[in-house]
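For 12-334, the entry in TrEMBL reads domain 'Hcy-binding'. Residues or ranges marked as Zn(2+) binding site by TrEMBL: C252, C319, C320.
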Amino acid sequence: MGLLETVEASKGFAEFLRRCGGYGVLDGGLATELERHGADLNDPLWSAKCLMTSPHLIRRVHQDYLDAGANIIISSSYQATLQGFEANGLSREEAEALLKRSVEIAIEARDIFNDRASKGSWDFVDDVSAASQRPVLVAASVGSYGAYLSDGSEYSGIYPDNVSIDTLKDFHRRRVQVLAESGADIIAFETTPNMMEAKAYVELLEDENIKIPAWLSFSCKDGINVVSGDLITDCAKVADSCRKVIGVGINCTSPRYIHDLIQSIQKVTDKPILVYPNSGETYVPETKEWVKSNGVQDEDFVAYIGKWYEAGASLVGGCCRTTPNTIRAISRALSSKSIDKRQF
Ligand SMILES: C[S+](C)CC[C@H](N)C(=O)O
Ligand SMILES: N[C@@H](CCS)C(=O)O
Ligand SMILES: [Zn+2]
(Lines of atoms letter the chains of each structure in order from A and count residues from 1; the text may use other names and numbers.)
(Lines give C-alpha, C1' and ligand atoms only; values in the text may rest on other atoms or scores of the structure.)
(Ligands and ions follow the chains in the order given, each with its own letter.)
Protein backbone atom coordinates (compact mmCIF):
# COMPACT_ATOMS: atom_id res chain seq x y z
CA MET A 1 0.00 0.00 0.00
CA GLY A 2 1.38 3.44 -0.95
CA LEU A 3 2.17 5.97 1.75
CA LEU A 4 -0.68 8.20 0.67
CA GLU A 5 -3.36 5.51 0.61
CA THR A 6 -3.26 5.00 4.35
CA VAL A 7 -5.41 8.01 5.14
CA GLU A 8 -7.36 10.45 3.03
CA ALA A 9 -4.78 11.44 0.42
CA SER A 10 -4.67 15.21 1.01
CA LYS A 11 -4.28 14.67 4.76
CA GLY A 12 -1.61 12.07 4.09
CA PHE A 13 0.25 14.54 1.90
CA ALA A 14 -0.03 17.29 4.54
CA GLU A 15 1.39 14.86 7.08
CA PHE A 16 4.20 13.99 4.67
CA LEU A 17 5.06 17.70 4.31
CA ARG A 18 5.03 18.13 8.08
CA ARG A 19 7.42 15.20 8.45
CA CYS A 20 9.65 16.82 5.82
CA GLY A 21 9.83 19.93 8.03
CA GLY A 22 7.12 22.05 6.39
CA TYR A 23 8.39 21.87 2.82
CA GLY A 24 9.39 19.11 0.42
CA VAL A 25 12.39 18.85 -1.85
CA LEU A 26 11.70 17.40 -5.30
CA ASP A 27 14.38 15.83 -7.48
CA GLY A 28 15.97 17.49 -10.50
CA GLY A 29 16.07 16.73 -14.21
CA LEU A 30 16.11 12.99 -14.74
CA ALA A 31 16.46 12.74 -18.51
CA THR A 32 19.07 15.45 -18.85
CA GLU A 33 21.04 13.93 -15.96
CA LEU A 34 20.97 10.57 -17.76
CA GLU A 35 22.27 12.46 -20.79
CA ARG A 36 25.03 14.08 -18.74
CA HIS A 37 26.11 10.55 -17.81
CA GLY A 38 26.34 9.61 -21.48
CA ALA A 39 22.86 8.35 -22.40
CA ASP A 40 21.74 9.11 -25.95
CA LEU A 41 18.23 10.59 -25.82
CA ASN A 42 17.96 11.33 -29.53
CA ASP A 43 15.04 8.98 -30.00
CA PRO A 44 11.24 9.33 -30.15
CA LEU A 45 11.13 7.63 -26.73
CA TRP A 46 13.63 10.19 -25.30
CA SER A 47 14.52 9.11 -21.73
CA ALA A 48 12.18 6.08 -21.87
CA LYS A 49 14.69 4.50 -24.23
CA CYS A 50 16.96 4.09 -21.17
CA LEU A 51 14.41 1.72 -19.65
CA MET A 52 15.42 -0.68 -22.42
CA THR A 53 19.13 0.14 -22.57
CA SER A 54 20.35 1.33 -19.17
CA PRO A 55 18.02 0.77 -16.19
CA HIS A 56 21.07 0.69 -13.86
CA LEU A 57 21.87 4.29 -14.86
CA ILE A 58 18.29 5.37 -14.10
CA ARG A 59 18.58 3.85 -10.62
CA ARG A 60 21.91 5.55 -10.05
CA VAL A 61 20.48 8.98 -10.98
CA HIS A 62 17.54 8.44 -8.62
CA GLN A 63 20.06 7.58 -5.89
CA ASP A 64 22.09 10.71 -6.65
CA TYR A 65 18.96 12.83 -6.14
CA LEU A 66 18.16 11.09 -2.88
CA ASP A 67 21.72 11.63 -1.67
CA ALA A 68 21.32 15.31 -2.62
CA GLY A 69 18.30 15.68 -0.33
CA ALA A 70 15.19 14.85 -2.40
CA ASN A 71 11.97 13.88 -0.62
CA ILE A 72 10.24 12.91 -3.87
CA ILE A 73 11.80 11.12 -6.83
CA ILE A 74 9.97 11.02 -10.15
CA SER A 75 10.04 7.86 -12.27
CA SER A 76 11.50 7.59 -15.76
CA SER A 77 8.08 7.18 -17.40
CA TYR A 78 7.74 10.76 -18.71
CA GLN A 79 7.88 9.59 -22.34
CA ALA A 80 7.21 5.90 -21.62
CA THR A 81 3.97 5.20 -23.45
CA LEU A 82 2.40 1.92 -24.45
CA GLN A 83 1.94 3.32 -27.94
CA GLY A 84 5.60 4.36 -28.13
CA PHE A 85 6.89 1.01 -26.87
CA GLU A 86 4.64 -0.89 -29.28
CA ALA A 87 6.01 1.21 -32.14
CA ASN A 88 9.41 -0.13 -31.04
CA GLY A 89 8.24 -3.72 -31.53
CA LEU A 90 7.25 -4.57 -27.95
CA SER A 91 4.07 -6.54 -27.31
CA ARG A 92 1.37 -4.92 -25.16
CA GLU A 93 2.41 -7.14 -22.21
CA GLU A 94 6.08 -6.21 -22.60
CA ALA A 95 5.18 -2.54 -22.88
CA GLU A 96 3.10 -2.62 -19.70
CA ALA A 97 5.87 -4.46 -17.85
CA LEU A 98 8.44 -1.87 -18.92
CA LEU A 99 6.18 0.97 -17.83
CA LYS A 100 5.77 -0.66 -14.42
CA ARG A 101 9.53 -1.24 -14.28
CA SER A 102 10.11 2.54 -14.36
CA VAL A 103 8.46 2.81 -10.94
CA GLU A 104 10.11 -0.34 -9.62
CA ILE A 105 13.54 1.15 -10.40
CA ALA A 106 12.70 4.27 -8.38
CA ILE A 107 11.43 2.10 -5.52
CA GLU A 108 14.68 0.11 -5.61
CA ALA A 109 16.64 3.36 -5.31
CA ARG A 110 14.51 4.38 -2.33
CA ASP A 111 15.04 0.95 -0.70
CA ILE A 112 18.81 1.30 -1.10
CA PHE A 113 18.65 4.82 0.38
CA ASN A 114 16.54 3.67 3.34
CA ASP A 115 18.80 0.71 3.95
CA ARG A 116 21.88 2.91 4.07
CA ALA A 117 19.96 5.38 6.25
CA SER A 118 19.14 2.70 8.78
CA LYS A 119 22.81 1.76 8.97
CA GLY A 120 24.04 5.39 9.02
CA SER A 121 26.58 4.42 6.37
CA TRP A 122 27.22 7.75 4.63
CA ASP A 123 30.02 10.19 4.37
CA PHE A 124 28.48 12.40 1.70
CA VAL A 125 25.08 13.55 2.92
CA ASP A 126 24.93 16.85 4.78
CA ASP A 127 23.28 15.52 7.90
CA VAL A 128 23.25 11.77 8.53
CA SER A 129 20.70 11.98 11.32
CA ALA A 130 18.27 14.07 9.22
CA ALA A 131 18.74 11.74 6.25
CA SER A 132 17.84 8.71 8.33
CA GLN A 133 14.51 10.37 9.24
CA ARG A 134 13.79 11.68 5.77
CA PRO A 135 10.47 10.52 4.25
CA VAL A 136 10.68 9.71 0.56
CA LEU A 137 7.84 9.31 -1.94
CA VAL A 138 7.99 7.85 -5.43
CA ALA A 139 5.99 9.74 -8.07
CA ALA A 140 5.08 8.06 -11.35
CA SER A 141 5.67 10.49 -14.18
CA VAL A 142 3.07 10.99 -16.92
CA GLY A 143 4.30 13.26 -19.67
CA SER A 144 1.79 14.90 -21.98
CA TYR A 145 0.51 13.72 -25.35
CA GLY A 146 2.88 16.32 -26.78
CA ALA A 147 5.82 14.50 -25.18
CA TYR A 148 4.76 11.31 -27.00
CA LEU A 149 4.56 13.24 -30.29
CA SER A 150 8.24 14.01 -29.71
CA ASP A 151 8.01 17.31 -31.55
CA GLY A 152 8.41 19.63 -28.56
CA SER A 153 4.70 20.37 -28.41
CA GLU A 154 4.75 20.17 -24.60
CA TYR A 155 6.34 23.63 -25.00
CA SER A 156 3.68 24.97 -27.40
CA GLY A 157 0.48 23.28 -26.26
CA ILE A 158 -0.59 23.12 -29.90
CA TYR A 159 -1.96 19.71 -30.85
CA PRO A 160 -3.34 18.56 -34.21
CA ASP A 161 -6.90 19.83 -34.85
CA ASN A 162 -8.41 16.37 -34.55
CA VAL A 163 -7.11 15.88 -30.99
CA SER A 164 -10.01 16.17 -28.53
CA ILE A 165 -10.34 15.63 -24.83
CA ASP A 166 -11.54 12.07 -25.62
CA THR A 167 -8.44 11.45 -27.76
CA LEU A 168 -6.30 12.45 -24.79
CA LYS A 169 -8.26 10.33 -22.32
CA ASP A 170 -8.02 7.29 -24.60
CA PHE A 171 -4.32 7.90 -25.11
CA HIS A 172 -3.50 8.13 -21.39
CA ARG A 173 -6.05 5.68 -19.94
CA ARG A 174 -4.22 2.36 -19.78
CA ARG A 175 -0.90 4.02 -18.95
CA VAL A 176 -2.41 5.76 -15.93
CA GLN A 177 -4.07 2.52 -14.81
CA VAL A 178 -0.77 0.61 -15.01
CA LEU A 179 1.15 3.32 -13.15
CA ALA A 180 -1.54 3.54 -10.47
CA GLU A 181 -1.00 -0.17 -9.74
CA SER A 182 2.80 -0.01 -9.92
CA GLY A 183 3.57 0.74 -6.26
CA ALA A 184 4.05 4.49 -6.80
CA ASP A 185 2.75 6.84 -4.11
CA ILE A 186 1.50 9.52 -6.44
CA ILE A 187 1.08 10.24 -10.15
CA ALA A 188 2.97 13.29 -11.45
CA PHE A 189 1.22 14.69 -14.51
CA GLU A 190 4.11 16.81 -15.73
CA THR A 191 4.82 19.53 -18.30
CA THR A 192 1.10 19.84 -19.05
CA PRO A 193 0.86 22.37 -21.87
CA ASN A 194 -2.86 23.23 -22.08
CA MET A 195 -6.14 23.18 -20.21
CA MET A 196 -7.68 20.46 -22.39
CA GLU A 197 -5.10 17.94 -21.21
CA ALA A 198 -5.59 19.00 -17.58
CA LYS A 199 -9.32 18.30 -17.98
CA ALA A 200 -8.55 14.92 -19.54
CA TYR A 201 -6.38 14.00 -16.53
CA VAL A 202 -8.94 14.91 -13.88
CA GLU A 203 -11.71 13.13 -15.77
CA LEU A 204 -9.54 10.02 -16.05
CA LEU A 205 -8.73 10.08 -12.33
CA GLU A 206 -12.45 10.07 -11.56
CA ASP A 207 -13.77 7.83 -14.39
CA GLU A 208 -11.19 5.12 -13.76
CA ASN A 209 -11.39 5.37 -9.98
CA ILE A 210 -7.63 5.76 -9.74
CA LYS A 211 -6.56 4.75 -6.24
CA ILE A 212 -3.47 6.89 -5.74
CA PRO A 213 -3.44 10.71 -5.69
CA ALA A 214 -1.89 12.94 -8.34
CA TRP A 215 -0.35 16.32 -8.91
CA LEU A 216 -0.84 18.43 -12.01
CA SER A 217 2.07 20.51 -13.13
CA PHE A 218 2.12 22.92 -16.08
CA SER A 219 4.71 24.25 -18.51
CA CYS A 220 4.38 28.02 -18.77
CA LYS A 221 5.53 30.71 -21.17
CA ASP A 222 5.34 33.74 -18.88
CA GLY A 223 4.06 34.74 -15.44
CA ILE A 224 0.35 34.18 -16.20
CA ASN A 225 -0.05 31.75 -19.10
CA VAL A 226 0.70 28.09 -19.71
CA VAL A 227 2.51 27.56 -23.01
CA SER A 228 -0.72 27.19 -25.04
CA GLY A 229 -1.87 30.65 -23.91
CA ASP A 230 -4.48 29.29 -21.48
CA LEU A 231 -4.39 31.16 -18.17
CA ILE A 232 -2.55 29.37 -15.38
CA THR A 233 -5.41 30.35 -13.08
CA ASP A 234 -7.92 28.50 -15.31
CA CYS A 235 -5.65 25.45 -15.47
CA ALA A 236 -5.10 25.49 -11.71
CA LYS A 237 -8.89 25.71 -11.18
CA VAL A 238 -9.28 22.48 -13.16
CA ALA A 239 -6.73 20.82 -10.88
CA ASP A 240 -8.38 22.32 -7.81
CA SER A 241 -11.75 20.85 -8.79
CA CYS A 242 -10.54 17.26 -8.35
CA ARG A 243 -10.24 15.80 -4.86
CA LYS A 244 -7.71 13.25 -6.11
CA VAL A 245 -5.32 16.05 -7.04
CA ILE A 246 -3.24 16.91 -3.99
CA GLY A 247 -0.83 19.40 -5.51
CA VAL A 248 -0.72 21.97 -8.31
CA GLY A 249 2.38 23.37 -9.85
CA ILE A 250 4.76 24.47 -12.52
CA ASN A 251 7.61 22.55 -14.08
CA CYS A 252 10.05 22.80 -16.99
CA THR A 253 9.53 26.55 -17.08
CA SER A 254 12.11 29.32 -16.85
CA PRO A 255 12.92 30.28 -13.23
CA ARG A 256 12.16 33.93 -14.00
CA TYR A 257 8.39 33.30 -14.27
CA ILE A 258 8.00 31.14 -11.18
CA HIS A 259 7.33 33.81 -8.56
CA ASP A 260 4.42 35.38 -10.49
CA LEU A 261 3.02 31.96 -11.32
CA ILE A 262 2.98 30.92 -7.65
CA GLN A 263 1.06 34.09 -6.83
CA SER A 264 -1.48 33.35 -9.58
CA ILE A 265 -2.01 29.74 -8.49
CA GLN A 266 -2.46 30.79 -4.89
CA LYS A 267 -5.47 32.89 -5.86
CA VAL A 268 -7.43 29.81 -6.96
CA THR A 269 -6.41 26.89 -4.78
CA ASP A 270 -5.47 25.93 -1.25
CA LYS A 271 -3.74 22.77 -2.42
CA PRO A 272 0.04 22.61 -1.90
CA ILE A 273 1.95 24.35 -4.69
CA LEU A 274 4.99 22.69 -6.23
CA VAL A 275 7.57 24.29 -8.50
CA TYR A 276 10.44 22.67 -10.37
CA PRO A 277 11.71 24.97 -13.08
CA ASN A 278 14.26 24.05 -15.71
CA SER A 279 17.63 25.77 -16.08
CA GLY A 280 16.17 28.62 -18.13
CA GLU A 281 17.61 27.21 -21.35
CA THR A 282 15.49 26.50 -24.46
CA TYR A 283 14.83 23.07 -25.96
CA VAL A 284 15.27 22.61 -29.71
CA PRO A 285 13.04 19.65 -30.67
CA GLU A 286 14.61 19.16 -34.11
CA THR A 287 18.03 18.40 -32.64
CA LYS A 288 16.86 17.43 -29.13
CA GLU A 289 19.45 19.81 -27.70
CA TRP A 290 19.31 22.69 -25.24
CA VAL A 291 20.54 26.16 -26.13
CA LYS A 292 21.20 29.16 -23.94
CA SER A 293 18.38 31.68 -23.82
CA ASN A 294 18.75 33.89 -20.82
CA GLY A 295 20.40 30.95 -19.13
CA VAL A 296 20.20 30.95 -15.36
CA GLN A 297 23.04 29.38 -13.43
CA ASP A 298 22.50 27.05 -10.45
CA GLU A 299 23.54 29.80 -8.04
CA ASP A 300 21.02 32.26 -9.47
CA PHE A 301 18.26 29.69 -9.43
CA VAL A 302 18.84 28.84 -5.81
CA ALA A 303 18.85 32.50 -4.81
CA TYR A 304 15.11 32.61 -5.56
CA ILE A 305 14.11 29.63 -3.45
CA GLY A 306 13.39 31.50 -0.22
CA LYS A 307 11.14 33.96 -2.07
CA TRP A 308 9.26 31.12 -3.74
CA TYR A 309 8.71 29.47 -0.39
CA GLU A 310 7.51 32.75 1.11
CA ALA A 311 5.18 33.26 -1.88
CA GLY A 312 3.52 29.92 -1.12
CA ALA A 313 5.45 27.06 -2.73
CA SER A 314 5.59 23.98 -0.50
CA LEU A 315 7.65 21.73 -2.75
CA VAL A 316 10.65 22.90 -4.73
CA GLY A 317 12.97 21.06 -7.11
CA GLY A 318 14.34 21.28 -10.61
CA CYS A 319 13.43 20.04 -14.08
CA CYS A 320 15.47 19.72 -17.27
CA ARG A 321 19.18 20.62 -17.07
CA THR A 322 19.16 20.89 -13.31
CA THR A 323 21.40 18.42 -11.49
CA PRO A 324 21.99 16.85 -8.07
CA ASN A 325 24.06 19.95 -7.26
CA THR A 326 20.95 22.08 -7.81
CA ILE A 327 18.93 19.87 -5.50
CA ARG A 328 21.64 19.86 -2.83
CA ALA A 329 21.71 23.67 -2.97
CA ILE A 330 17.89 23.86 -2.75
CA SER A 331 17.87 21.50 0.21
CA ARG A 332 20.52 23.57 2.00
CA ALA A 333 18.78 26.86 1.18
CA LEU A 334 15.48 25.66 2.61
CA SER A 335 16.91 23.98 5.70
CA SER A 336 19.03 27.02 6.56
CA LYS A 337 15.93 29.19 6.78
CA SER A 338 13.97 29.13 9.98
CA ILE A 339 10.77 28.07 8.35
CA ASP A 340 7.44 28.35 10.05
CA LYS A 341 5.46 25.12 10.12
CA ARG A 342 2.93 25.94 7.45
CA GLN A 343 -0.55 24.60 8.17
CA PHE A 344 -2.34 22.63 5.47
C1 LIG B 1 10.57 17.85 -21.79
S2 LIG B 1 11.07 17.76 -23.46
C3 LIG B 1 12.76 18.21 -23.38
C4 LIG B 1 11.09 16.02 -23.73
C5 LIG B 1 11.54 15.58 -25.08
C6 LIG B 1 10.55 15.82 -26.17
N7 LIG B 1 9.22 15.30 -25.86
C8 LIG B 1 11.05 15.18 -27.43
O9 LIG B 1 10.78 14.01 -27.70
O10 LIG B 1 11.77 15.85 -28.16
N1 LIG C 1 10.55 14.22 -15.00
C2 LIG C 1 11.00 14.49 -16.36
C3 LIG C 1 10.45 15.82 -16.80
C4 LIG C 1 10.83 16.22 -18.15
S5 LIG C 1 10.16 17.77 -18.59
C6 LIG C 1 12.50 14.47 -16.37
O7 LIG C 1 13.09 15.02 -15.45
O8 LIG C 1 13.10 13.93 -17.29
ZN1 LIG D 1 11.79 19.27 -17.97
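In case you wondered, yes, glycine gets a Cβ from its N, Cα and C as well.
Surrounding the centroid of the Cβ atoms of C252, C319, C320, where the record places Zn(2+), the chain contributes additional residues within 8 Å, namely G29, T32, T191, S219, N251, T253, Y276, P277, N278, S279, G318, R321, T322.
Counting other Cβ atoms within 10 Å of each Cβ, the lowest count among the binding-site residues C252, C319, C320 belongs to C320. Looking just at the domain 'Hcy-binding' (12-334), the mean pLDDT is 94.
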